[in-house]
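Step one of this worksheet: look at the structure below.
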Amino acid sequence: MIIFREQLIALLPIIVIGITIVGIMLSIIYSRNQFKHAVLTIIGMIIASVSSLLHMMWSMNKSGQNFFQLICIDNFSVLYVILIMFVGIASSILGYVWLVYYPVYRSDEFYLLLLIASIGGILLVITNHLIVLFLGIELISISICGLISYPVFSKKSIELSIKYIILSGVSSSFLLFGIVFIYCKTGSLSFIDIKEILSTYNNVNHMLSQPSMTLIVIGLSMMMIGMGFKLSCVPFHLWISDIYQGTPTAVSMYLATGSKIAVTAVLMRFLLILPDQYNELLHIFLSVSACCSMLFGSLMAIPQISIKRMLAYSSITNAGYLLIALIALRMNNCAIIQESISVYLVSYLFANVGVWGIVNIVSTAYIQKEKNDADTIYLYHGLFWREPMLSVIFVIAILSLAGIPMTFGFIGKFYLLFIGISNQLWFLTVMMIISSIISMFYYLKIITNLFNSNFVNNTNINYDILKKWMIKPEGFMVIIVAIIILFFGVYPQFIVNLIQQFVI
């Protein structure tokens with residue numbers, strides 16, 4: 001097949017990130033300069049985002065570019081490529097500041113792993129083939145394994161890396177076995193071919209009446225298990241709290257946002273190829289997981305004193321919310337549902353960048369004495385009375401994560417409630433409301449600690465370093481994020497209109 005100019009433009013994000021990886025590798029040979037490589041990483045991701053928009057403008061009113069039935073680059077994929085690049089930029093900024101204060105040897109390779117994970121995320125959002133899907137997930141998983149173990153002086157990090165490798169390997173095995181079972185019956189790994197073959201069967205009962213067709217059900221079930229691990233929904237969540245707590249903040253943020261966005265995007269594509277006769281099967285599986293994720297995540301976060309563990313369980317809860325939207329998407333594939341999922345993911349992304357950014361800022365003032373992040377909630381006692389602006393930004397990000405009105409997070413959660421009610425998912429919608437109410441307990445616990453006047457001077461925090469947060473790149477980033485959260489919380493129509501241009 002000849003690759004034409006339009007297709008070359010469509011592939012530019014991957015090409016740009018690939019060139020950036022090669023450039024940094026060659027640069028490391030001659031000299032190690034963390035600042036230079038961090039800047040190169042950010043520039044590469046910005047160019048990749050711009051190139052995605054160029055493709056969208058070039059192929060206006062077109063369905064997208066297909067390559068050998070392997071990938072499909074359309075407006076939908078452009079949005080999620082931009083989101084993944086934004087996560088990568090934010091992680092690069094947080095990672096740079098963290099590496100400045102942590103004595104980690106060979107810090108330049110941190111950005112290589114981050115870029116490789118970003119390529120994996122891009123492959124997931126543009127995939128139109130099960131092999132590309134598996135390749136994208138593995139690129140993310142392998143890169144994350146390296147990023148988790150980056151603090152090589154910490155035995156805990158090495159232990160967590162081994163745990164993640166084992167559990168990730170198990171989930172990938174389930175995913176690969178599911179792909180094999182589907183291929184055994186359909187004879188194809190292309191989404192388009194699989195959709196056509198599965199559509200030839202009238203219903204699931206007819207399918208199950210043929211012994212060989214049970215391979216499809218087994219394959220789909222195993223693939224959902226593999227995806228469930230990557231999405232960190234119950235009961236595939238056991239790894240998440242330890243990993244979030246023990247890894248660098250930049251890596252935890254990438255896990256909470258980048259990988260979740262990429263997996264959600266590929267699930268949207270994959271679920272849309274399955275015929276309607278699979279609705280009942282998928283509805284049961286996703287509903288049970290959604291209910292358990294929402295309740296378990298909210299309840300388990302309440303007794304935690306570790307902010308990172310709270311955010312881990314919050315991530316589980318939000319995975320449950322996303323499953324409700326995916327169920328609605330299966331029941332009624334329309335633009336408003338895809339728009340709702342996208343709005344929620346964007347609001348979730350900004351809230352997480354704000355929260356994790358503040359944790360990273362405080363950690364740089366804490367790890368001067370202790371080689372750990374500022375994870376314990378008591379380290380934030382009375383922070384408002386020393387750094388009021390930093391605390392206000394922290395409160396804005398947390399309130400957005402909780403879905404409080406006048407924040408962008410409320411708009412995202414409102415969209416999910418709307419599609420839940422519109423598709424008559426009454427029980428799941430009620431569970432979502434209950435879970436949101438429960439989650440307020442641990443979100444408010446963080447906020448009240450900030451305003452506790454009994455602990456104004458925390459001896460574990462170097463306030464001379466902390467007061468310089470505004471002149472750091474991560475300080476500028478969280479200020480911008482807080483402004484965006486408030487602006488889109490008051491005037492969401494701008495971002496909603498923008499996202500409408502990207503729906504499938």
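Note that Cβ sites are derived from N, Cα and C of the backbone, with glycine treated the same way.
Under the heading transmembrane segment, Swiss-Prot lists 9-29 (among others). Outside the transmembrane segment (9-29), and at least 6 residues removed from its termini, the chain residues within Cβ reach (under 8 Å) are 3, 36-37, 40-41, 43-45, 47-49, 51-52, 54-55, 58-59, 64-65, 67, 73, 81, 85, 108-109, 111-112, 115-116, 118-119, 122-123.
Per Swiss-Prot, transmembrane segment is recorded for 78-98 (among others), and the stated evidence type is sequence analysis. For the transmembrane segment (78-98), the residues of the chain that approach it from at least six positions outside its boundaries are 13, 34-35, 38, 41-42, 45-46, 48-49, 52-53, 55-56, 110-111, 114-115, 117-118, 121-122, 125-126, 248-251, 253-254, 257-258, 261-262, 265, 342, 345-346, 349, 353, 356-357, 360-361, 363-364, 472-474, 477, 499, 502, judged by C-beta separation under 8 angstroms.
Residues or ranges marked as transmembrane segment in Swiss-Prot: 135-155 (among others).
The annotation transmembrane segment is assigned in Swiss-Prot to 164-184 (among others). Among residues of the same chain six or more beyond the transmembrane segment (164-184), those with a C-beta under 8 A of the stretch's C-beta atoms are 130-131, 133-134, 137-138, 141, 144-145, 148, 194, 215-216, 218-230, 236, 238-239, 243.
The transmembrane segment annotation in Swiss-Prot covers 216-236 (among others), and the record cites sequence analysis as its basis.
Feature annotation from Swiss-Prot assigns transmembrane segment to 254-274 (among others). Packing against the transmembrane segment (254-274) from elsewhere in the chain are residues 76-77, 80, 83-84, 87-88, 91, 114, 117-118, 120-121, 124-125, 127-128, 133, 136-137, 140, 144, 147, 191-192, 194-195, 198, 220, 223, 227, 230-232, 240, 243-244, 247, 282, 311-312, 315, 318-319, 322, 326, 329-330, 333, 338, 341, 345, 348-349, 352-353, 356, 504: each is 6 or more residues past its ends and has a CB under 8 Å from a CB in it.
Annotated transmembrane segment per Swiss-Prot: 282-302 (among others), in sequence order.
Sequence-distant neighbours of the transmembrane segment (309-329) (same chain, 6+ residues past either end, Cβ-Cβ under 8 Å): 231-234, 237, 240-241, 243-245, 252, 256, 260, 264, 267-268, 271-272, 282-283, 286-287, 289-294, 296-298, 300-301, 337-338, 340-341, 344-345, 348, 352, 355-356, 377, 401, 413, 416, 419-420, 422-423, 425, 428-429, 432, 435, 439, 442, 446. Positions annotated as transmembrane segment by Swiss-Prot, on the basis of sequence analysis: 309-329 (among others).
The transmembrane segment annotation in Swiss-Prot covers 341-361 (among others).
Positions annotated as transmembrane segment by Swiss-Prot: 392-412 (among others).
If you look up Swiss-Prot, you'll see 425-447 (among others) marked as transmembrane segment.
If you look up Swiss-Prot, you'll see 476-496 (among others) marked as transmembrane segment. Residues 90, 93, 339, 343, 346-347, 350-351, 353-354, 357-358, 361, 392-393, 396-397, 400, 405-411, 470 of the same chain lie 6 or more positions beyond the ends of the transmembrane segment (476-496) yet place their CB under 8 Å from a CB of it.
Panel annotation: around the transmembrane segment (282-302), residues 220-221, 224, 228, 233-235, 237, 241, 271, 274, 309-310, 313-321, 323-324, 326-327, 330-331, 427-428, 431-432, 434-435, 438-439, 441-442, 445 of the same chain, lying at least six beyond its termini, place a Cβ under 8 Å from a Cβ of the stretch. When each of the listed stretches 135-155, 216-236, 341-361, 425-447 is scored by C-beta pairs under 8 angstroms to the transmembrane segment (392-412), 341-361 comes out highest.
Remote same-chain residues near the transmembrane segment (341-361) are listed as 79, 83, 86-87, 90, 94, 97-98, 249-250, 252-253, 256-257, 260-261, 264, 268, 307-308, 311, 318, 321-322, 325-326, 329, 373-375, 390, 393-394, 396-398, 400-401, 407-409, 411-413, 415-416, 466, 469, 472, 474-475, 477-478, 481-482, 484-485, 488, 492, 495-496, 499, 502-503 (criterion: CB distance under 8 Å, separation of at least six residues from the stretch ends). Here the transmembrane segment (216-236) has long-range neighbours at 137, 140-141, 167-168, 170-182, 184-186, 198, 204, 207-208, 259-260, 263-264, 266-267, 270, 274, 278, 281-282, 285, 289-290, 292-293, 296-297, 315-316, 319-320, 322-323, meaning same-chain residues at least 6 beyond its ends whose C-beta is under 8 angstroms from one of its own.
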